[in-house]
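A quick write-up on the structure given underneath.
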Amino acid sequence: TSAAITLLGGSVAALVVWKWLGKKMIQKKMEEARRTRDEGLKKMAKAVQQFKEQVPHVQTDAILSLSLLGLAGRLQEGSLSPRTVLYTYIEKVSALEVNQETNCLRHFIPECEEQLQEIQQEEEKGLLYGIPVSIKDHISHKGHLSTCGLVQCLDTRMKEDSVLVKVLKRQGAIPFAMTNVSQSLFSYDCSNPVFGQTLNPFNHQKSPGGSSGGEGALIAAGGSILGIGSDIGGSIRLPSSFCGLCGLKPTAERLRWGWTSVWHICLPNVDICSHPTPVPCAVGPMARDVDSLALCMKALLSEEMFQLDPTVPPIPFNGEVYCSSTPLRVGYYDTDGYFPLPPCMRRVVKETRNALHAAGHQMVPFSPPRIPYVMTELFLKTFFADGGRAWLDVFTGDIIDPSLKPQVNSCKIPRLVKKLLALLLKPLEELFKDVAMISTCRSVREMWNHHHQIQVYRSEFISRWKELHLDVVLCPVLGPAFTTRYPGKLLTAISSTMLYNVLNFPAGVVPVSTVTEADEEELKLYQGCCDDPWDRMLKQAVSGAVGMPVAVQCVALPWQEELCLRFMKEVETLSHGK
């Protein structure tokens, strides 16, 4: 008996030591990653200092104030040099007010200096010649990590540039910075245990949105003029809404970028992204204005893209559609009937609708069908068909970020317990069902049926769109910016953006106003759907946002990015006029 007790005690002690060593190893990896980032920032600052000694009189503010089109024009004509522009933006990023206050940068790309030399030797200037570009953490750049905010991705450097980065470089762009993301990319906050919480540059109590939150914060703070994000539930559009930017989620297959390969390299035993998904992830541009998005799309939708990846449909950017002034037939709604948004978000949809009507566009009421069904049975079921087991595997041997703990904990609840809880909380079944993620596929047949139901819904939605002879749709987007940590508690609030991932429609966000004192007063009366805990939590999340950006969402049918951008441009012009 004493031998058994001794053996048991030894086993427990060994387990404790093993766990302690594992935590120490994780901590060491994270510290090394942060040290590498900090060293990169020091190199960045040193390179800027050397440049300033060589070229002492640079009109920094004048360069930073230029729009992307204005900057591109100056670079093309030669009145500004790519070197001057690059180091002006590097200086802005390395300045205290951009990175140290917002923590938006994940890594400086020192190879930008090599790219600078290469483009200056090219005979032809690409459309993005000399433009510094920031890219989201997980978009592959040769020689750099693509971490997704996960410790287990800190050991593997990318062996080559993603197709998207290759095309950017061939068009003369200079990728110079990689930006922070939410852990595993599955959150619309922007926080991970490795690089920490990114903050909104307009209010440091607020989140910049996610998962492309590092991009949102960097561009909004003036540290980048063009960024590349990705979107599988709103990850381009939500940071754009929270940070007052323009952002476009294209039809997923319109651009190629290589997200799957990142997961394969970092997490070879996890199949979370290794097969085609019925709700695809899209990559797209984020910038200060719509013209910048259009220029970026024109540059990316080039022969270089089509040659590097023949699976991308060879559809060049249609400038004629983008520049058209034909009046549009616009469907509109200010609520999807599922998760009521704050008063200011509905206000700006109504104001934009009135402005569009006054400008000669035909406005048609539109109601998206069956949003509760789409959220629970189509969107969440796509990612949690196995009850979240594959997603939980991503965190094996990792520290879970506080912003993700609500979702992680709900995935860990046994299926039977979830069903019992749903039964007991019948009055809140729809909302509870989202958070607990009960919907699963218990067989291959169920999975195939799930894929079929998504196609059925897309057909239903398009039929309703066609019956009304719509060109585009105007609708709300989640906002204003949430206080940090709240996004993890309100996953269901993303219904406004999630819908267009399920449909795979191009959708963009345009800032049109700011939160007023009157909005804040009206928020005090907000009761949402039924004044339940979720409604009260949303109220807490968005309060204290006077002066923060407020945006609308613009949508077109698949493969009509140019029409979507043209509509966004119209909204932007009218909002500036107002």
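Backbone N, Cα and C define each Cβ position, glycine as well.
Caution: TrEMBL annotation is automatic and unverified by curators.
These features come from TrEMBL:
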ACT_SITE  Lys136  active site, charge relay system
ACT_SITE  Ser211  active site, charge relay system
ACT_SITE  Ser235  active site, acyl-ester intermediate
BINDING   Leu185, Ser211, Ile232, Gly233, Gly234, Ser235  substrate binding site
DOMAIN    97-565  domain 'Amidase'
Cα-Cα distance linking Leu185 (substrate binding site) and the residue listed as 'active site, acyl-ester intermediate', given in Å to the nearest integer: 8
For Gly234 (substrate binding site), the number of other Cβ atoms found within 10 Å of its own Cβ: 31
Residues near Gly233 (substrate binding site) in space but at least six apart in sequence (CB under 8 A): Tyr188, Phe379, Ile494, Thr497, Met498, Asn501
Chain-mates of Leu185, Ser211, Ile232, Gly233, Gly234, Ser235 with C-beta within 8 Å of site centroid, substrate: Phe186, Ser187, Tyr188, Gly210, Ser212, Ser230, Asp231, Ile236, Leu238, Cys281
Pairwise Cα distance for Ile232 (substrate binding site)/Ser211 (active site, charge relay system) [Å, integer]: 9
CB within-chain contacts under 8 A for Ser211 (active site, charge relay system), separation at least 6: Lys136, Val181, Ser182, Leu185, Phe186, Ser187, Tyr188, Cys190, Ser230, Ser235
Neighbour tally for Lys136 (active site, charge relay system), based on other Cβ positions within 10 Å of its Cβ: 29
Where the record names Leu185, Ser211, Ile232, Gly233, Gly234, Ser235 as binding substrate, the maximum Cα to Cα distance in Å: 11
All-chain count of other Cβ atoms within 10 Å of Ser235 (active site, acyl-ester intermediate): 35
Mean of pLDDT values spanning the domain 'Amidase' (97-565): 91
Cβ neighbour count (within 10 Å, all chains shown) around Leu185 (substrate binding site): 26
